[in-house]
Amino acid sequence: MSETIVSEQTVSEFSPASADASQSVKASVGKINLLDLNRQQMRDLFMSMGEKPFRADQVMKWMYHYCCDDFNQMTDINKVFRTKLQEIAEIRAPEVVDEQRSSDGTIKWAILVGGQRVETVYIPEEERATLCVSSQVGCALECKFCSTAQQGFNRNLRVSEIIGQVWRAAKIIGAFKVTGQRPITNVVMMGMGEPLLNLTNVVPAMEIMLDDFGFGLSKRRVTLSTSGVVPALDKLGDMIDVALAISLHAPTDDIRNEIMPINKKYNIEMFLSAVRRYLEKSNANQGRVTVEYVMLDHINDGTEHAHQLAECLKDTPCKINLIPWNPFPGAPYGRSSNSRVDRFSKVLMEYGFTTIVRKTRGDDIDAACGQLAGEVVDRTKRTLKKKMAGEPIAVKAV
């Protein structure tokens, strides 16, 4: 076979271009990070090199089933092609720079992305192991009860930085083909950031999670959580089918406007209408959505709020997760008492809603829901504005 010349144009074509991600960890000069490509993109790349499309299947299997990042170890691929790959490509996941282990088995990793840190959380249980993955460096939505939101926002994560969190966790825990057991059975896009504000990178990353030559997860085991970016939610339904969870957290617009400013743009009825449209397109959700509801003491946790929530959700097939609020420094809220949570739950069940009180995991290492912070260079200048206004600033506990 004649030698294939790979031009700078080829490299550029298959290197995801994103202004938001331009400050990411620098790749080797001119090399394509294969973690940025889904299977079709990898096939297109390899065909441009004069190779057969099935080569992408082979390489992906090594990458994701064995967590292999060394082309020389891919022994069922001929040496000539391996040499080509070494010249133009690499497999480079973001590095873990800190690890904390909770007394309950939860692990939190700080992942370095372009000089900043995002956080990824591994939650093992008897029957499954869930990985909570970040989609952005910080978050722009300013939800008042969430630590991530208080850090401000810097940029979207690239595909390689999203799927790289899964790859890095799987490599640490033990790759499927190495141990014989799946290190990760579920992935939830519930880490730092709003996934629907980064569809360009989140969707290809989820495609790799679902791909049989990727991590091979069922679409019911990959969950995207959103605070309600309605146009993007409508778009998501045409792009991919995964389980959906919605961060509702309030039964009325008045309360939600106060704790989740996005509601001023997309109110509850607009949000739930978009959810119902998504459910009509989706098989992964089995006809119902998961509603997430953080319990804030004397803010949204009274029995009157439970009745309002039941009325609000009467036309939306769902199950409800009640989430004990997890504190962080500078936050103005308190956690609801067990008795208030119990009364709230009983009201919802009387209406016929499947209602679960989520067990808090990893709170002793600030890895629980709403506690992820990382290290963010805030492009929104949110923390500076708070400081100038004399408002409390949430800081990551050390």
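Each Cβ is built from the backbone N, Cα and C atoms, and glycine gets one as well.
Taken from Swiss-Prot, the feature active site, S-methylcysteine intermediate applies to Cys369, supported by sequence analysis. As annotated by Swiss-Prot, [4Fe-4S] cluster binding site applies to Cys139, Cys143, Cys146. Residues or ranges marked as S-adenosyl-L-methionine binding site in Swiss-Prot (evidence: sequence analysis): Gly193, Glu194, Ser225, Ser247, Leu248, His249, Asn326. As annotated by Swiss-Prot, disulfide bond applies to Cys132-Cys369. Summarising the annotation, Swiss-Prot assigns domain 'Radical SAM core' to 125-364 and lists sequence analysis as the type of evidence.
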Nearest of the recorded positions (Cys132, Cys139, Cys143, Cys146) to Ser225 (S-adenosyl-L-methionine binding site), judged by Cα-Cα distance: Cys132
Number of Cβ atoms other than its own within 10 Å, given for His249 (S-adenosyl-L-methionine binding site): 26
Ser225 (S-adenosyl-L-methionine binding site): tally of other CB atoms within 10 A of its CB: 21
Residue among binding-site residues Cys139, Cys146, Glu194, His249 with Cα closest to the Cα of Cys132 (disulfide bond): Glu194
Proximal residue to Leu248 (S-adenosyl-L-methionine binding site) among binding-site residues Cys139, Cys143, Cys146 (C-alpha distance): Cys143
Binding-site residues: Cys146, Ser247, Leu248 - member with fewest neighbouring CB atoms within 10 Å: Ser247
Candidates Cys139, Cys143, Cys146 (binding-site residues) - the one closest to Asn326 (S-adenosyl-L-methionine binding site) by CA: Cys146
Using Cα positions only, nearest of the binding-site residues to Cys139 ([4Fe-4S] cluster binding site) (Gly193, Glu194, Ser247, His249): Gly193
Spatial neighbours of Cys143 ([4Fe-4S] cluster binding site) that are distant in sequence (at least 6 apart) but have CB under 8 A: Ala149, Ser227, Ser247, His249, Ile259, Met260, Pro261, Ile262
Span of Gly193, Glu194, Ser225, Ser247, Leu248, His249, Asn326 around S-adenosyl-L-methionine - largest C-alpha separation, Å: 19
